[in-house]
Amino acid sequence: MVPVLLSLPLLLGPAVFQETGSYYLTFLYTGLSRPSKGFPRFQATAFLNDQAFFHYNSNSGKAEPVGPWSQVEGMEDWEKESQLQRAREEIFLVTLKDIMDYYKDTTGSHTFQGMFGCEITNNRSSGAVWRYAYDGEDFIEFNKEIPAWIPLDPAAANTKLKWEAEKVYVQRAKAYLEEECPEMLKRYLNYSRSHLDRIDPPTVTITSRVIPGGNRIFKCLAYGFYPQRISLHWNKANKKLAFEPERGVFPNGNGTYLSWAEVEVSPQDIDPFFCLIDHRGFSQSLSVQWDRTRKVKDENNVVAQPQ
């Protein structure tokens, strides 16, 4: 048995870490030994930067474009991609079985995951990754500089022996990361660059609610923005509040993101509170103040306007 990508020729044709000017192509695979009823045993999702552009699962046996890519003609031969993913599914699940056999646990519930892909900057290859995990722990990864598979789990030593049984497999893995994957990414960008380079500014609202004890929670919500990077925090008397929790940035489900920050304010605190937002969609920072003159009840909304 050989690595998932190396067991058959690539069915994709040649091509005609992210920072500004960089693009990356990533594949995420998940295999389950005992999936819940109706849940696929194997799933694969491909991403261009942080945007999913096709999905495959073992229930349908089809690779299908998602989001705006479902409207793009000629980007991929989806029947050939489906064939490729079905072959990868079979090999991926065999690897999961081999690991379970090593640990003499052939009936347990286990998860095997893979991530591989590449990045280009200024139209040149600038990075790559290929690694696997078993039950959430690092299992094995490929070092393209050596090149070799590096075991990160006792069972992975056997996997390494199988995957390096012939030297050609190691060289093909290196070639995939350094040549084939970047060329594939360049080809996809011919259909995707305008979508990936777009800038959607956030819509910002502030809500307020009273909590037990009489204090009020101000919530500053930014949503519908792209790209993902955003700075969002509360200020009081021109000082950043360090005590509000970090909320992170979350996908909206439509290719954009949302984030929020909250602050607890006592009725006696009359200082002005501002929510400050920085995003590439704004030419300058957006500052939004809660209007204390409003006759507020629970969940009143203020829509942000640039100042």
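Each Cβ is built from the backbone N, Cα and C atoms, and glycine gets one as well.
For Cys181, the disulfide partner named by Swiss-Prot from the candidate list Cys118, Cys220 is Cys118.
The number of other Cβ atoms within 10 Å of the Cβ belonging to Cys275 (disulfide bond), over all protein chains shown, comes to 26. In the domain 'Ig-like C1-type' (202-287), helix, strand and coil residues by DSSP number 0 helix, 46 strand, 40 coil. Cα spacing between Cys118 (disulfide bond) and Asn254 (N-linked glycosylation site): 24 Å, rounded to the nearest whole number. For the recorded site, Cys181 (disulfide bond), the DSSP three-state label reads helix. Taking all protein chains in view, 11 other C-beta atoms sit within 10 angstroms of the C-beta of Asn123 (N-linked glycosylation site). Cβ contacts within 10 Å of Asn254 (N-linked glycosylation site), excluding its own Cβ and spanning all protein chains shown: 10.
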